[in-house]
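Below is one structure. I have some questions about it.
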Amino acid sequence: MKTLLAVLLAACVLTQVLSAPSNEQRVRRNMIRGRPRGGMKKTPPMSSVSHMINFDNVVSSTFTQTLDHFDSSVGKTFQQRYYHNNQWYKAGGPAFLMLGGEGPESSYWVSYPGLEITNLAAKQGAWVFDIEHRFYGETHPTSDMSVPNLKYLSSAQAIEDAAAFIKAMTAKFPQLANAKWVTFGGSYSGALAAWTRAKHPELVYAAVGSSGPVQAEVDFKEYLEVVQNSITRNSTECAASVTQGFNLVASLLQTSDGRKQLKTAFHLCQDIQMDDKSLKYFWETVYSPYMEVVQYSGDAAGSFATQLTISHAICRYHINTKSTPLQKLKQVNDYFNQVSGYFGCNDIDYNGFISFMKDETFGEAQSDRAWVWQTCTEFGYYQSTSSATAGPWFGGVSNLPAQYYIDECTAIYGAAYNSQEVQTSVDYTNQYYGGRDNLNTDRILLPNGDIDPWHALGKLTSSNSNIVPVVINGTAHCADMYGASSLDSMYLTNARQRISDVLDGWLHAN
């Protein structure tokens, strides 16, 4: 962007691990363009929750999908993975479709009891479906992920996939001939849920798009502004300590002895290189735990519910006056890695990362290569330090400019993917979907947590009574999608009720 067992997190944010010459594992940083490994919509391994699920009605299958919905001359198809469950279906009930996003899907979202979508399905008597996004998980539309093939990867194609799927399922299951279809999603797929309703109102009756960044933006400087503000909101003392630490890192980078201290503190696999790209890649590694903790703080998703929260994973260390500023950063990094199950040295090899991302097979780099492609060709979403407020707080406005990420587009996919192309693509995305201010649709619910950095690109207000933003005080990314917990705030509880009430009103209006 979806209380779960404590083992959930390790599989949700699986880290890319390589063998190091010293026999110590190399841990590649977890956050890539705001996306943790496994995707932004947290999902546990089914083995950890299967004992809580009734699988009698859960079906996993594939659907013959069109490769190019906009050029019939291509004439190719592929097998798209999907899941469905009619456990809660009642005659005349609606169909709920969870849209896959930038990671693999599983039967979790159609079967796990107590989730927002399954609770709503039980209330409305809905048949629940989940379709995996092309080029993610086991859905491989082409033989590899070369640039010519990646041109079939876009949100527009994914929306047409959903439309074709709805038509096919309506034909396959006569019970659904007159069903009202509701699309659901979280994070990128939350935006997809809203856009699918907008592009296909004849097929999609309503949408619930949780934490959907419906505004594309090249220089997403607001992301780190929200990280700063969310930590400050938790504790001004903590925030002062965090920025003190980041600015100390900037100072230590200037000397050989300082860089040695940083290598030891952050347990780096390599010496810090002073070329521009390597330094920026190092900064991404430093920021990554803070970004991920804030993005999911308090979500009822494994360790983020209690351990990886702003209070426990960040401020608990930064208000410890017995530690030095550098020790505090180290303690946050060590604790994050320990809880997440990441053991080994932190890999800061920029060139190695680019080589990893250039892998064209459906292998270890699959989801990262696909998601970065979409940022380069549609969305931007580049979490920069260019903000006049957040930049200095994070140790320097030039530490991570948007251009750094654009240069990665060029390095990974080729010279055609340059600044002009990225900006043109982002402008087109906003024109095609309407951006935040011109969503041309109705009957969409748009929940957002106000400590989530992604809410800055969401739709938070609306003059249209049938476009319903639900801003949830003190919650993070996709918080509404998970199961209710005793730790939930009244704001989150009330938001889930609001979503349920609005959707109920729409479904029974006619």
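All residue numbers here begin at 1 and follow the chain in the order shown.
Positions of Cβ are set from backbone N, Cα and C atoms, glycine also.
From Swiss-Prot, for reference:
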type	residues	note
SIGNAL	1-19	signal peptide
ACT_SITE	Ser187	active site, charge relay system
CARBOHYD	Asn234	N-linked glycosylation site
ACT_SITE	Asp452	active site, charge relay system
CARBOHYD	Asn473	N-linked glycosylation site
ACT_SITE	His477	active site, charge relay system
Below 8 Å Cβ to Cβ and six or more residues apart, same chain only. Which residues does that give for Asp452 (active site, charge relay system)?
Ser211, Val226, Val294, Gln295, Thr475, Ala476, His477, Ala479
Count, for each of the recorded positions Ser187, Asn234, Asn473, the other C-beta atoms lying within 10 angstroms of its own C-beta, and report the residue with the smallest count.
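Output over recorded positions Ser187, Asn234, Asn473: least Cβ neighbours within 10 Å is Asn473.
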In Å, rounded, how far does the Cα of Asn473 (N-linked glycosylation site) sit from the Cα of Asn234 (N-linked glycosylation site)?
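Between the alpha carbons of Asn473 (N-linked glycosylation site) and Asn234 (N-linked glycosylation site) there are 13 Å.
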Please work out the number of neighbouring Cβ atoms within 10 Å of the Cβ of His477 (active site, charge relay system), leaving out its own Cβ.
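Step by step: centre on the Cβ of His477 (active site, charge relay system), count other Cβ atoms within 10 Å, giving 31.
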According to DSSP, collapsed to three classes, what secondary structure does Asn234 (N-linked glycosylation site) have?
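DSSP call for Asn234 (N-linked glycosylation site): helix.
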Which whole-number value in Å describes the distance between the Cα atoms of Ser187 (active site, charge relay system) and Asn234 (N-linked glycosylation site)?
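Computed Cα spacing between Ser187 (active site, charge relay system) and Asn234 (N-linked glycosylation site) is 24 Å.
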